[in-house]
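Input: a single structure, listed below in structure tokens.
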Amino acid sequence: MSLSVPVAVVLLFMLGSALAAAVIRDVVGSIVAFAGYSFGVAVLWALLRAPDVALTEAAVGAGITTVLFLLTLARTTVTRSDRFEGISLRSGLAVVAIVVTVGATVPALPAVGDPSAPILAGDVSQYYLTNAYDQTGVTNVVTAVLVGYRGFDTLGEVAVVFAAGIAMLLVLRREAFV
Amino acid sequence: MSDRDSPTDATADSGRPDGADESQPDAVDGEGSVSRPADERPPYVESTIIMTTVRVIAPFVLTLGLFVMFHGASSAGGGFQGGVIAATTVVMLGFAFGIEPIASRLRNEHLALLVLSGVGTFLVVGLGGYLVGDNFLQVSEYETLFHHGSKYSIELVEVGIGVVVSGVITSLFFLLGTGIDAADAADPDTDSEEDR
């Protein structure tokens, strides 16, 4: 797998900001590091030519989530003494175990851009790529799949967002715990 | 729940604005607490630079959001992304001019109606599939009605999604930014009655 230099740089940046988000004790700093991580993910999606996902990640992950985190933080008081979070042996071992377990599956994945990868060579993807414009009249295949072919799924997603919003309206309006 | 109204808390708040951890009786030592009284929260600071910047940038951000929302069928984007970007406009305005004045213009009921209209648009397009074709959400059958009917119905669905997403994010922003304080200021009786 040939890893281009920009992708490697972005991955390093993501690793650093993820570590910073986990280790920094200052909550605001941690949130900013988390936003940086989301930004790295967005750039990575853009480099891997998935602009739709990149847009979502940049807007939701790096943008709105950070704002909501900061707003929630403004309602709390936290005093801190240490600069960095102490890492116990147990949690460190758990992280190492998870990384090793997940990392062991990486060699099984096809290389990025491999033409024989199932996602490219599979019948379903090829069907969408071949027929999406003729059947839906939409040039963006992602949108064609989202609304044209999988419209019912998307309706479910919208229903989830709608229900979550209404629930938040009802719960936060009568927040007696503040 | 009743911590805000307890007399000890009230005196501690007014007397010692800097001793945040001591004014909270239920706070663990050095760990703070999750309930910070409104008068101790970081206040809104009026900044000419931020206000001017937001005033210049906001129309462009809103335009980008609408473009991503409406142009999702032909380029990267769609309702989810465009809705979030459009809602960012409100977030920027809130940071620049204060959340309370912006939130007081938009009531939660109106936002809920907006979100509902987005879901309704999606459902209407979906149910319309029964009229023009045989199945729910059969958008390709709109092609029989008029040219590019399939594409425009997909666009309409995307706009509905965008309205839902932007409405939910805007109301979340207002709720977290103002919360009970705005409701308290408006009608203090209703909330205290709901507590009991």
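Placed from the backbone N, Cα and C atoms, the Cβ positions cover glycine too.
Feature annotations, courtesy of TrEMBL:
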REGION    B:1-41  region 'Disordered'
DOMAIN    B:49-170  domain 'Na+/H+ antiporter MnhB subunit-related protein'
TRANSMEM  B:56-74  transmembrane segment
TRANSMEM  B:80-99  transmembrane segment
TRANSMEM  B:111-132  transmembrane segment
TRANSMEM  B:152-176  transmembrane segment
Tally of DSSP helical, extended and coil residues in the domain 'Na+/H+ antiporter MnhB subunit-related protein' (B:49-170) = 101 helix, 0 strand, 21 coil
Positions whose Cβ lies under 8 angstroms from the transmembrane segment (B:80-99), at least six residues beyond its ends | 44, 46-47, 50-51, 53-55, 57-58, 61-62, 64-70, 72, 158, 161-167, 169-170, 173-174, 177-178
May I ask for the residues of the chain that lie six or more residues beyond the transmembrane segment (B:56-74) and have a Cβ under 8 Å from a Cβ within it?
-> 81-89, 92-93, 151, 154-155, 158-159, 162, 166
Per-residue pLDDT averaged over the domain 'Na+/H+ antiporter MnhB subunit-related protein' (B:49-170), given as an integer | 88
